[in-house]
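Engineer: One structure, as structure tokens, below. Some questions next.
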């Protein structure tokens, strides 16, 4: 009996809890949650949401109910910021997206949904660390924000690569990879790899900027470029991914064959050279990361002591092959400038070693940036920095003045004095500023002691009076000046403003352009196939659409040309059709009714230059309408010709030209011989032969099929009835031809009247009803 009572009590308690949950769900009012009225604008709603979100964010507010409150605030803003959801809620009390149901059904869905959303399980009971507040605090240490990423991570990625994880709440895969991620980042961070974590829920802008559209995502950043990790999340794959981010030419493999060349490169590269001797055949990742961090200051090489061909180096430099040994060489390749040897080299030890040896003993000033680093501006009297500058000529081998200057620098190394040298022929303005009398030092070396006063180039300096030849007396004088300078800084009595140094090691313009182009192509390739596929879709759609239109136009045009050639019949077939009274038109009347594309008629002169393109190789289906004129009738005939043919310029198959009768009479008369009947041909020795007037003639030339149609000016009413017809040769052969007689010449009427019927002839040309005169081949136009 007692057990039954206890069961009833538990049932009653469960029902009571469910009722309370349902009532709380029904009582959910987004306006009340955000503290705004039902008539509030979107600006007021957004302002209230931002204020409450900052106040109740679980990462900032440690109140136990902050998480539930923040969820309610987010849900309320989601409803009220969407006009459709807001209207649905105002009418039916429903915050859902389905609006096609009736009011009662919507209310039932509303009750069930809000009951589900307000019934939470205790995550700690199931040990599911979904919430970022209860998740391992290791991610909080590396959380990135957009401003931090842009201002710090991107610039720092030029010195070290970054490995970034994109995560979010309620991400099962994120939980699955977390143990591996924790192990790998602890290992890589000790090697010098930057680590970052982006929460996609709170930093959507940064996640979108990185191109991460799903969680979890892992990406690497180096030199400002983003690369995504696409393999299984295991330790070896992540290490290989970080190693693949680094350039492949950071570390050079050195053996007995090339170590002299490698170490001798200090003069050309103006850098110290570092050699690591180790027993592993693969270059350690720590050494590669160090080489990337200091690539602008030193050159790095690696010697695998287990390989044959390294015995000479190990013996010469007394290397212990059982422990990693790091050597740095400067101007002397016979002995290292510094050495460290340890079985477990840490990053901090290597960084300290490299920092001490970043520059040569007497480095060459090759850029303004290097000048600022070697000769910094003084900040106080206790932080004075002096630069002893050797101005010398460039030589392929070490000159005696430079060797003496180098030995002096080695013997007098101080914290407040830096020794540098400048090639006076490469930095002419810089050298002339420091030399009081450049002619006296022509072809000789000189030494100046200077101190920079500001970043604008103002310096105080003292130049040795005599040229520097490297003798013992020169060294004694320079040493005396340096000793005196410690006691009296006023020794530097001269003052000047130095010009900026030119960058001697900068690549030429073509190389810079090539590198920029290759980087741009690489970025586009990565963006298309890896990083931002969704963002690239509009651009890809535009490119493929343009290519489709382009190739589609070419293909259609090609098929159109082939159809024209296929439909064209041979001259013999056309002659047979003409004999039976049937002609095959090459143009349609629709062409004549096209609206002109331009407000003018484009008429070109037919010369020996344009003859081939405008006639001989004219495309199939195209014709060239040529007006015959002389120099005296050119202006008037062209004006009338343009008026007559203007309505036909809408056809793309017609081209218009004019031919000078004074230049090409023989060519014209050769063509007209094919337009004559059996009547006697005038003899060329006839006295009227050269006086024949062809001005006003119009020829329609089909270059592909080798035929033409002829228009002749008409004189009488009877003759005008046959205008443009080439079929009645007997009645039109000699019409319009002047024999030089006033009674039958054309001088009695205006010149423009010759083309008064040309438009009618053009219509018949487009109909295909004109007679065609075929020729075997087009004559040359001399």
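Positions of Cβ are set from backbone N, Cα and C atoms, glycine also.
Annotations for this protein, taken from Swiss-Prot, read as follows:
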type     : residues : note
SIGNAL   : 1-25     : signal peptide
TOPO_DOM : 26-535   : topological domain 'Cytoplasmic'
DOMAIN   : 29-93    : domain 'J'
TOPO_DOM : 557-782  : topological domain 'Extracellular'
REGION   : 562-593  : region 'Disordered'
COMPBIAS : 563-582  : compositional bias 'Basic and acidic residues'
COMPBIAS : 583-593  : compositional bias 'Polar residues'
CARBOHYD : 631      : N-linked glycosylation site
Engineer: Helix, strand, coil: count each for the residues of the domain 'J' (29-93), based on DSSP.
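Structural biologist: So the counts come to 45 helix, 0 strand, 20 coil.
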Engineer: Within its own chain, what residues at least 6 apart in sequence put their Cβ under 8 Å from the Cβ of residue 631 (N-linked glycosylation site), listed in sequence order?
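Structural biologist: 660, 662 - these are the non-local Cβ neighbours of residue 631 (N-linked glycosylation site), listed in sequence order.
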Engineer: Over the topological domain 'Cytoplasmic' (26-535), what does the predicted model average in pLDDT?
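Structural biologist: 83, rounded to a whole number.
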